[in-house]
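Asker: Provided herewith is a single structure, encoded as structure tokens, for subsequent inquiry.
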């Protein structure tokens, strides 16, 4: 009996230590993202952004007197693996998870976080479903939604390519399908009808049959919902078949890897993306810090940084890391971040989302000048 | 010459399918040959192909770094490098993972093969990174068969597509001759009929099996190099999808039959191209495997396979 009492006492002590909330020490926060697999480039954006944010917060005393530590979960952008990562985050009692990248991972993982009392802030998942469930009150995102992104893309196509033959395609994944269908909805509502709506299989290398189909339909503008790898291959194979069809994609094209695949063939490819915080003069010092560390903070790097900032400020205001209270604070007042002032609505979406159309040129991208 | 647009479209999809099918066929030979001789499915073969693609990519990058600009010379050097090193991998895999298990129950080498496959995938992922690797086109341009003109459909074949189909055809003819005419081919055919009897008659079975793996790996390396050239983008995971497709091709053509592997590869390439071209592309894989099931219910031995005869 004595032994079991000891065991119980030790277990209790360990348990208390593990979830002790007050005083100094450390607290681990989670980042869930694809570190391996074909979307690993975005995982690196998350990782770099979160690491820098944590280093900067710790340098100024941490959050509620605690130093932050990072636990990175690799979901490979696979929904099954994402749920496993989410469970491991919940069992480690992290107060917040910044992630995931792919909508297809974020959505199933959000159930686990909501039940486990963990705040989830996705820097990049744009599928509307993520924040649509009213029961999940602790899920947020610092990016826009596909229905907003789709509207911007549709308005741009309607204005710039009126009367041109249009095709819409996606790669059947949650993010891609959501984006393509939202864009289609907006286009059709504006009276623009596509000549072809098709899908491709992600992960393949051969899209020549699909490209030939576009050629047959004499498509001049292709709206593609999907990731940069497939988009890059499609552009390459279109140019090889002598087509100069314009490809317009979504926010997943915002990585230098796209240009690595297409090379010069990527010139003029368009995509929608939020306002790029790296272009904001106020962030010059932070951008320089990344560049000095040998990393160009492209795409979602600063989005991730901002997500960590928003959570840290809300936790400070809530004077604790309880998910419900932090969520209330996130909604109560806008957070001051590298992305500017970020307010969240009832669903957990940004109150001021905006998308711009960017064009790939010369190995980088820049916003098209004609936009307000 | 005037070609009506539907016909031109058909031709273009035919070209797409032939190119894809040639590559599947090259990989399928490795599956079917190993099965024919040792009666096991070498599930690591897709990964051998992936290694070939990576070796070719490394060679391309190295050659362009030292400023070699002659395209034919580049292709030859890359081919030699990819084939040599991949063949060495093929030999090593057989020596390390399969030969010690040759007399074990049939499941043992199968599991060993899956193990090798996972090992190679992770090895490449860890040493080369998880990101996609890309090279810029080495061979540009092509021929336009029909000009198209005002709104017509232009059929274009790139030099690379011609190169792939011609090179594959030459390899397959050479390979068929090798099996039919040389003493090595005779030894392989003997081993595929009866390993024990062949060894009793003085054939070096170990050497023949090793050679089979080396040849299979060399052909996979060629496929890997062609893919690197053609699509320009590879990652550590390409072996899985290509391996499954090529294995399906081998089964469709009749596993153990060499012409069957080539035919199966071409058929799968063509089905994929035409299905995506004329029907809903999302059902492409459903169509491929549906046809596989259909063929196997009517001809369980595959299109060109011989019916199994119980060996006594």
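A Cβ is built for glycine as well, from the same backbone N, Cα and C atoms used for every other residue.
Keep in mind the model is a prediction, meaning the values are calculated, not measured.
In case it's useful when we look at the structure, here is the feature table from TrEMBL:
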{"type": "TRANSMEM", "residues": "B:20-41", "note": "transmembrane segment"}
{"type": "TRANSMEM", "residues": "B:48-67", "note": "transmembrane segment"}
{"type": "TRANSMEM", "residues": "B:73-93", "note": "transmembrane segment"}
{"type": "TRANSMEM", "residues": "B:105-124", "note": "transmembrane segment"}
{"type": "TRANSMEM", "residues": "B:159-180", "note": "transmembrane segment"}
{"type": "TRANSMEM", "residues": "B:209-230", "note": "transmembrane segment"}
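Have a look at these and tell me how they're positioned relative to everything else.
Answerer: Within the chain, the transmembrane segment (B:48-67) has long-range Cβ neighbours (under 8 A, six or more residues past its boundaries) at 27, 30, 74, 77-79, 81-83, 85-86, 89-90, 93, 120-121, 124, 128, 133, 135, 138, 216-217, 220-225, 227-229, 234, 236-239, 242-243, 246.
Away from its own ends, the transmembrane segment (B:73-93) comes close to residues 44, 48, 51-52, 55-56, 58-60, 63-64, 116, 120, 138-139, 210, 213-218, 220-222, 224-225, 229 of its chain (Cβ-Cβ under 8 Å, at least six residues beyond either end).
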Asker: Is it true that the transmembrane segment (B:105-124) and the transmembrane segment (B:20-41) have 3 or more Cβ pairs under 8 Å, skipping pairs fewer than 6 apart in sequence?
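Answerer: Yes, the transmembrane segment (B:105-124) and the transmembrane segment (B:20-41) are in contact.
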